[in-house]
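Participant: Pulled the feature table from TrEMBL, pasting it below:
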- 47-64: transmembrane segment (TRANSMEM)
- 94-121: transmembrane segment (TRANSMEM)
- 142-160: transmembrane segment (TRANSMEM)
- 166-185: transmembrane segment (TRANSMEM)
- 258-278: transmembrane segment (TRANSMEM)
- 304-330: transmembrane segment (TRANSMEM)
- 351-370: transmembrane segment (TRANSMEM)
- 376-397: transmembrane segment (TRANSMEM)
């Protein structure tokens, strides 16, 4: 059996034989029901065209004003880049850097790398740096948060309608279009690009010998590209296709998960107690915490927005901390308790992790918009930095946790899994 005929489940490690699926169909793991791969049109031209359109839309969204406020003869507008610059000048450099990474740099890396790769594949050439570029696309997708930013923009607009006259600008429509286009781009299975690149001329890594698969063969699946290889415990092994370091399980997965969880738990307390914003107006100075923001929307007649912020900023971080603690503890004890349910819990944590940045994006835009000189000015507070750190640390903790550890006590014989 050829190595490309095998695929290992990302969540439970069970080996499957790859079978063709129709476009829009999904191949799922027979044990944990995780999606193994999707059927997609092998149309590189279509992918390149959509990516190119997304890049143009991305540039418009980045540099055009998103919204403008008018109050008392004053006006104030904000672009995303301008909002990040305001955070930087107000000594919130760490928050500014993270917002820039999640909303500007990483989406740009994903789109730029995809365009370069798809144009090269269109010309029937495997581009230089093909493996590094596709690995960069995978990493950027995990941290890009354009869709979260879009919801944050809408919440900010609703919040501002009670304070000033809101004028929608082209940047808002560009972000809406970009969110939809990125959803289409991410629907393309990167595995398709790996497979196309394997059969084209161009620079590639030295070939490794094929192995004869038996149920007792000890295998390892690459976490970056999914290639299944024969595991060599004594060697410092790299993936033959993408060059990533090859491990059967993430090194010290549980220990690293606990470390990031502990740091996030400690910072969660100041994140909720310290002000995330300061409002300076003719009526004095007012401090706003995350809880006070929820109360504001609830009392101002927007219970739906209050619920969204409460869930994203309070409920989700607490549940992530509790869920990851449960997963780490049971994996550490090699528990056999409800492995399928724990795997589903891990998927939920992975999915909702980024949405806690919603409050940070609302703060970023609010700080940039409310700049009315002596009338009213809003600045970011230390609670924003602490909360941003909590979100990032919990996301790293979930990425460090290896869900295959849940199933290892059941697969103790080491057969039919990688």
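Keep in mind that glycine also has a Cβ here, set from the backbone N, Cα and C atoms.
Please go over these features one by one and say how buried each is and what sits next to it.
Facilitator: Long-range contacts of the transmembrane segment (47-64) within its own chain (CB-CB distance under 8 A, at least 6 residues past either end) are made by residues 79-81, 104, 107-108, 111-112, 114-115, 118-119, 122, 169-171, 174-175, 177-178, 181-182, 184-185, 188.
Cβ atoms under 8 Å from those of the transmembrane segment (94-121) belong to residues 44, 47-48, 51-52, 54-55, 58, 62, 80-81, 83-85, 87-88, 127, 130, 133-134, 136-137, 140-141, 143-146, 148-149, 182, 185, 193, 196-197, 200, 202, 354, 357, 360-361, 364, 380, 384-385, 388-389, 392 of the same chain, restricted to positions at least 6 beyond its ends.
If you look at the transmembrane segment (142-160), the same-chain residues 6 or more away from its ends with a CB under 8 A from one of its CBs are 66-67, 69, 80, 101-103, 106-107, 110, 166, 168, 172, 175-176, 178-179, 182-183, 296-297, 302, 305, 308-309, 354-355, 357-362, 364-366, 369-370, 395, 399.
If you look at the transmembrane segment (258-278), the same-chain residues 6 or more away from its ends with a CB under 8 A from one of its CBs are 285-291, 293, 314, 317-318, 321, 324-325, 328, 359, 363, 366-367, 378-384, 386-387, 389-390, 393-394, 396-397, 400.
Same-chain residues lying 6+ beyond the ends of the transmembrane segment (304-330) with a Cβ under 8 Å from its Cβ atoms: 151, 155, 158-159, 254, 257-258, 261, 264-265, 268, 272, 290-291, 293-298, 337, 342, 345-346, 348-349, 352-353, 355-356, 358-359, 362, 387, 390-391, 394, 397-398, 401, 403, 406.
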Participant: Sequence-remote contacts (6 or more beyond its ends) of the transmembrane segment (166-185), Cβ cut-off under 8 Å?
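Facilitator: Those are 47, 50-51, 53-54, 57-58, 60-61, 63-70, 77, 79-80, 107, 110-111, 114, 144, 146-147, 149-150, 153, 157, 160, in sequence order.
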Participant: Let me spell it out: take the transmembrane segment (376-397), skip the flanking residues so only those 6+ beyond its ends count, and list any with a Cβ under 8 Å from a Cβ in it.
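Facilitator: Result: 71, 87, 90, 92, 94-95, 98, 143, 163, 256-257, 260-261, 263-264, 267-268, 270-282, 287-290, 313, 317, 320-321, 324, 353-354, 356-357, 359-360, 363-364, 366-367, 370.
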Participant: Can you name the far-off residues of the same chain, 6+ from the ends of the transmembrane segment (351-370), with a Cβ under 8 Å from a Cβ of it?
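Facilitator: Residues 66-67, 69, 76-78, 82-84, 86-87, 90, 95, 98-99, 102-103, 143, 145, 148-149, 151-153, 155-156, 159-160, 163, 276-277, 279, 290, 293, 308-309, 312-313, 316-317, 319-320, 376-380, 384, 387-388, 390-391, 394-395, 398 contact the transmembrane segment (351-370) from elsewhere in the chain.
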